[in-house]
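What TrEMBL records for this protein:
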DOMAIN    8-154  domain 'Alcohol dehydrogenase iron-type/glycerol dehydrogenase GldA'
BINDING   37, 94, 95, 96, 97, 98, 116, 117, 118, 119, 125, 127, 131  NAD(+) binding site
BINDING   121, 171, 254, 272  glycerol binding site
């Protein structure tokens, strides 16, 4: 199996990029479709729109409906065709970004991704996670190339709620845990190749930066200021985790996240990263990770107020049958849980979900 490493064409991160970074977008084209949600439009979208007009660009906005679904992708695609745009600009969080990538791919247009939060590693990858209109995981869409541009204004990210940064940290912390499993099983990464040494080194650096800077970055975020620690965490959450998960691969943690989507109830109020946090601990139980490492992850999660018990996941009243449903979805044929170095059944997943809760309740009571 050949080694494959994938990355965006250009990654630009720094203060003031939504005002001063238009040259990077203009290099792709001037007729722009901005895909964003109502909240992000009010916070930064209108200002970006005016900045583009002042730079002799022709922006058009389209409000994103909330789910990266095939219906939403088709709806926004019609707008892109009507307006004869040259560039797709995906402004906001993970699902808006994934929708923008799908539209750009459908019409073979360049895409500039402008994250306003550092809550997921979606921006850099050549794939989208697709959900139903109701929010149930349906699968992945893979593209021929990664985004042309990632442009992150860290001042904008610093003004987002700190819990979103924590969610991104949780998502990024899964990177090395899953990459190691893929390496041990000699499985494919997300671009159908073998891991490169660079991808594993990036995954390792991602974890190192998080444990060194997470708390400092969180306090900077709460103070709505940009510090070096904050810049490093934004980079880890976005660039390092994005490159790491795509080119080093996914395993059980994200598959279990996808399993959670089959249940109804308050669990859907949790962010992607919050669900991945519990999925990561579940993977560590499945692979019998060293206790010292498990404790290290639990301590960080609890300090950042991330889920570590079934109660935190709104699953304290879940039946065994509910946990089996999660396991069944997590182990469907196309899921990344099959990149684990052992065979994993729905019953294994259910047992590990309960084991995480029991371990944390006994040895890490809040």
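A Cβ is built for glycine as well, from the same backbone N, Cα and C atoms used for every other residue.
Inclusion criterion for the binding-site residues 171, 254, 272: a C-alpha placed within 10 angstroms of the C-alpha of residue 125 (NAD(+) binding site); this criterion is met by none of them. Confidence for the domain 'Alcohol dehydrogenase iron-type/glycerol dehydrogenase GldA' (8-154), expressed as mean pLDDT, is 96. The DSSP secondary structure for residue 125 (NAD(+) binding site) is coil.
Once Cβ contacts within 10 Å are tallied over all protein chains shown, the binding-site residues 116, 125 are led by 125. Residue counts of the domain 'Alcohol dehydrogenase iron-type/glycerol dehydrogenase GldA' (8-154) by helix, strand and coil are 54 helix, 43 strand, 50 coil (DSSP-based). You'll find the Cα of residue 97 (NAD(+) binding site) roughly 10 Å from the Cα of residue 121 (glycerol binding site).
For residue 95 (NAD(+) binding site), the count of additional Cβ atoms within 10 Å of its Cβ stands at 25 [all protein chains shown]. Each of the binding-site residues 254, 272 was scored by how many other Cβ atoms lie within 10 Å of its Cβ, and the smallest score goes to 272. On the backbone, the CA of residue 118 (NAD(+) binding site) and the CA of residue 171 (glycerol binding site) stand 10 Å apart. Here the candidates are the binding-site residues 37, 95, 131. The one whose C-alpha lies nearest to that of residue 121 (glycerol binding site) is 95. Counted within 10 Å of its Cβ, the other Cβ atoms near residue 37 (NAD(+) binding site) come to 19, all protein chains included. Its Cβ taken as reference, residue 121 (glycerol binding site) is surrounded by 29 other Cβ atoms within 10 Å in the chains shown.
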